[in-house]
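Asker: Taken from TrEMBL, the feature domain 'ABC transmembrane type-1' covers B:95-302. As annotated by TrEMBL, transmembrane segment applies to B:9-30, B:99-119, B:131-156, B:183-202, B:238-258, B:285-309.
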Amino acid sequence: MSELLKVDKIKTEFQTDKGPVTSVDEVSFDLKEGETICLVGESGCGKSVTSLSIMHLLDRNGSVTEGSILFEDKDLAKATEAQMRKIRGNDISMIFQEPMTSLNPVLTIGDQLTEGIRLHMKYSKSEAKKYAIEMLKKVGIPRAEGIIDEYPHKLSGGMRQRVMIAMALSCKPKLLIADEPTTALDVTIQAQILELMKKLREESNTAIILITHDLGVVAEMADKVAVMYAGQVVEETDVYTLFDNPKHPYTLGLMESIPHITNPDDMRLTSIPGSVPSARNMPKGCRFYDRCPHAMERCLAEKPELKSIEDKQAHSIRCFLYENEEKDYEKKHAEKEVSS
Amino acid sequence: MLQYIIRRILIAIPVLFGVTVLNFLIINLAPGNPVDMMVNPSATPAQLAATKHALGLDQPVWVQYWNWLVQLLHGNLGFSYSTREPVTQILMAHVGPTVLLMGVSLIVGYLIAIPLGIICARKQNSWIDYIVTGFSFFGISVPHFFLGLGVIYVFASKLLWFPTGSMNTLGGDGSFIDTFNHLVLPVLVLATGIGGNMVRYVRSSMLDVLGKDYLRTAKAKGLSQFLITNKHALRNSLIPIITVIGIDIPLLIGGAIVTEQVFQWPGLGLLTIQSITSRDYSTLMAINLLAACTVLFANLLTDILYAVADPRIRYD
């Protein structure tokens, strides 16, 4: 399978009155057709900004200033607004966190659903409506013929998120970005929505970038995981390796902070001490330095790079602790290239 | 919905009754009376008393009100104390010019203000925003009589582009072009105020909406900025705009008293001032009644339009 999306060291900056603020720095990951990657990390670590950067949906004062976003070999980081308009909703579409506010309250479901269909697929009004009803049925909305003429306030949060999914998938996108699609929903509805996304993924072979801070969702959905901290990817690997063999101290901290059903009743959950450094005041060296139990002197001054190590699967880590393994991997990789 | 409209119309009846009572009392509290204003200064007290008696003005206020009300319910607005014409006829002659003047002013004001308000919100804190906001402050702050005299001085008196006042040239043919020429200056004055007010409401209401999640959804669908602004955003900012229009509609009847005076526009405003100075009770009562009906109608229309603009609003 070929690479569908290759995000390479992108840097997203916001222009503010007090100068530029870097929100995302050196974020890299790649994605094949039909594959699902989860971006995980705590609030404010740049997950959403990364996804909005891909879609060019940042505020007026935010932009990608470095790096490239190759989507089917086109660099989206350099795409114009007119080019992006053809891609948005067509090749790449997005579902947002808040189903309650993501639909326009004064337009009918049908109106909002057919807009994109008519724009990208050039359907006539009646064809688009028929197709929209079909999409609504596909995402499990009962009475789709009636719902299509209703306004969003008549629907529950879960139903609205289904409508959002129908809207996002209607033009058969190659990539779906889902920004915490289940965070605002209650647990039973969460499970339904995740099931639905899985089913649709299998049917259409759509690649998904799923943003979440819920490791349960990660275990359920992901092929690959990128753990983000303070605007950087600190660890990237497949989902099994991440849960079996997490390496980066931040990932380890995250794993330890999940309650587990087999834990003894009186066991306290561990938390990672301290808080995320502010975007205006990023440390020069490792960004996790203040909170890391293994912090060394060189972590303060020197910036660790995201590098691969030898493991069951492709596994990269941004930490000096694994320097030796990273060097081994590089050596082997270089030898392989020489011999081939 | 129909039930709601009927209920609102039924509620309007006691409101109108209250309005007429208050108006009648206040008018009668004003010093002087129609007879003092209409008869020859050399008339004897006996003649005055006779005239008052003939007109029923010597009766207690509540009897006078009762008589007026009974006549009103028979569809009779009485006759003018000063010109002796039937009030209905006078009113008819003056409503047209005012509705023409205010209608054109409202339309011109809105057509300029609504797009400008949208542009200001889209380009918040840009030079165009500052200029438009500055002008709108000017439009709201400058009194109509002052702006009116200013434009008469510049465009009528110095540049001679437009006539100084009235609705048609005296002895002219009353053609469309002639009326249009007479309309330009008063419309300029009125539209400045109306538009200046509207720009601020459109701008702030659009700014409220532009940050909403559903506009990001619309953009994520690949829609053009034009559609996002004028379909998705504008429809959501209509409620404050409808409110302002609802407040402006009564101006169609009573909004131009000062401007009509300055430009000698033969409308209801001018009639109102003339009726007050001649203590023409019956004409004043009729104008007030008309104004009250317009306000009530505009309020009802506003509430109906709310439900049209926002499907979440339902009156059941």
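For all residues, glycine too, the Cβ spot is worked out from N, Cα and C.
Please treat TrEMBL annotations as automatic predictions, because they have not gone through curation.
Since this is a predicted model, take the numbers as computed values, not measurements.
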Asker: Using Cβ distances below 8 Å and needing 3 or more such pairs, separated by at least 6 in sequence, tell me whether the transmembrane segment (B:183-202) contacts the transmembrane segment (B:99-119).
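Answerer: Contact criterion met.
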Asker: Do any residues, 6 or more residues outside the transmembrane segment (B:131-156), come within under 8 Å Cβ-to-Cβ of it, and if so which ones?
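Answerer: Same-chain contacts beyond the ends: 113, 116-117, 119-120, 162-165, 184-186, 188-190, 192-193, 195-197, 199-200, 203, 258-259, 261-263.
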Asker: What residues in the same chain, six or more past the boundaries of the transmembrane segment (B:99-119), come closer than 8 Å to it by Cβ-Cβ distance?
Answerer: 128-129, 132, 136, 179, 183, 186-187, 190-203, 206, 229-230, 234, 241, 245, 248, 251-253, 255-256, 259-260, 265, 267
